[in-house]
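**Q** This is the structure I want to talk about, given as structure tokens.
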Amino acid sequence: MCVESDGCEIEGCSSSDEVRTLSGSMSPGLKSNPDLHPCKPGQKFRAALLRCRSPAAAAGILSFGNVLNYMDRYTVAGVLQDIQEHYDVLDSGIGLLQTVFICSFMVAAPIFGYLGDRFNRKVILSGGIFFWSIVTLSSSFISKENYWLFVLSRGLVGIGESSYSSISPTIIGDLFTNNSRTTMLSIFYLAIPLGSGLGYILGYTAKKAAGDWHWALRVSPVLGITVGTLILLFVPEPKRGSVDQMGGRIKANTSWLCDMKALAKNRSYVFSSLASAAVSFATGAFGLWIPMYLARAQVVQKTPEACTKASCSNTNSLIFGAITCVTGLLGVVIGAATTRLCRQKTERADPLVCAVSMLGSAIFICLIFVVAKKSIIGAYVCIFIGETLLFLNWAITADILMFVIIPTRRATAVAIQSFTSHLLGDAGSPYLIGLISEALQKNYTMSALWRFLSLGYALMLCPFIIILGGMFFLATALFFLDDREKAEKQLNQLTRPPSSVKV
């Protein structure tokens, strides 16, 4: 049995004599007291909700919310050709969609990081989901004369999604520790490729089913509102650092300026953030342009006709989305397993696994542009291997941050890392690739071959950026152990032993 704070008795709260806490530890159950009175219906409902707020359930809900975040982001990419034909814009105009989204996302991230370290995190998360869901639904009704308004709506969606990406990993970090945290973060960051892939699939299938691409933007908002409600009901608000400091108590937060100075001096954090920016540059450009690049390759091979209709029938978005889902799953699972195995050999395993996977990814991404002109299947094989290697590092990068940053700075650290990776990465890469492609084909606009080659030449910038990211991960490995030790010492200084806490 459990006891509510007002002295009522709740039957059936636990089948055993122990109660499981959020951190997974067991505490003795409370025995029945004859002075307790039965709970009222409202209190029983609240108690039932509390029983459902397990760490695993919370991680599952947060992971599903992250899937929706990325699914909504890439639904637009799944119907990109339709949007280009509907609004009659050039490559640079289409690239602007993702750039505006990412710019608003990264500007809002530090603000939500500050709020997430000081206020109720799940309220901020659910509010952000409700906001982007409403804006996405509204954007599906914008007329073809108001493309600027459609671009603006993507910027507003970026603000809503920024709150979720900045804060939700810190809740998981406060519910789990060590290998269990690595596993849960792996599941959470699996949502990036899985949600991205499902976004392509949703965009294509919704357009196909309804005969109108606008319906691609009317599915994820319903799911988003549902997840926002689940977060309010079933996700707990754990104390910051509740599992890291083993029952101790962390003192009040340091100032924002002090946090920023500490992050700037943390070399592992700085280099891993720069490496994350390289990943974002490549995934942002690839996520938007690869389906269109393959479509142009098929035109060169005379497989389909060039798209000039209001609704383009092209399965590349669907296939690319499916590949992204599968490679995301493989990448995260292989990354977590490889890191756990390599930790037995070296304590620098996390950054080293990331570095090797990125350098290997660059090789296969280069091969895409070599084989695409002759074989679409060959290009898909290179995409599959290259993406799998690239996706290995998503969860590991987050785990590096948890190791080298103390709990009271994690939301700020996640937000600043997100800001940096987007600023130097996918905030500009989709637009930059479109701009380079447009400049190269300026004198050969009517040539299908040159439209294909110019976009390929522009995308060749990505593997070089990926190699640079691998170098940054190698630099992270040099300082990782020192920075982890410093974080542990700072946490001990901030923690009060339980015996000193007044009751």
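Just so you know, the numbers here start at 1 and follow the chain as drawn.
Cβ coordinates are placed from backbone N, Cα and C, and glycine is handled just like the others.
Just so it is clear, the model here is predicted, and its values are computed rather than measured.
Taken from TrEMBL, the feature domain 'Major facilitator superfamily (MFS) profile' applies to 58-487. The transmembrane segment feature in TrEMBL is assigned to 96-116, 123-142, 184-203, 215-235, 269-290, 318-339, 351-371, 377-406, 457-481.
So that I understand the layout, could you describe where these features sit and how close they are to other parts?
**A** For the domain 'Major facilitator superfamily (MFS) profile' (58-487), the mean pLDDT of the prediction comes to 81.
Among residues of the same chain six or more beyond the transmembrane segment (96-116), those with a C-beta under 8 A of the stretch's C-beta atoms are 73, 76-77, 83, 124, 128, 150-152, 154-159, 161-163, 165-167, 170, 256, 284, 287-288, 411-416, 418-419, 422-423, 425-428, 430-431, 434.
Listed as Cβ neighbours of the transmembrane segment (269-290) (distance under 8 Å, sequence separation of 6 or more from its ends, same chain) are residues 74, 77, 80, 94-95, 98, 102, 196, 263, 320, 324, 351, 354, 358, 365, 383, 390, 393-394, 397, 400-401, 404-405, 413, 416-417, 420-427, 429-430, 432-434, 455, 458-459, 461-463, 465-466, 468-470, 472-473, 475-476, 479, 483.
Within the same chain, residues 74, 78, 182-183, 186-187, 189-190, 192-194, 196-201, 203-205, 287, 290-291, 294, 349-350, 353, 357, 380, 383-384, 387-396, 399 sit at least 6 positions outside the transmembrane segment (318-339) and bring their C-beta atoms closer than 8 Å to a C-beta of that stretch.
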**Q** Which residues, given as numbers and ranges, are at least 6 beyond the ends of the transmembrane segment (123-142) yet have a Cβ under 8 Å from it?
**A** 62, 65, 68-69, 72, 112, 115-116, 149-150, 153-154, 156-157, 159-164, 167-168, 214-218, 220-222, 224-225, 227-229, 231-232, 235
**Q** Against which stretches of its own chain does the transmembrane segment (457-481) lie, if we need a Cβ under 8 Å and a gap of at least six residues from its ends?
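**A** Distant contacts of the transmembrane segment (457-481): 267-268, 271-272, 274-279, 281-282, 285-286, 289-290, 293, 347-348, 350-352, 354-356, 358-359, 361-363, 365-366, 369, 390, 393, 400, 403-404, 429, 432-434, 436-437, 440.
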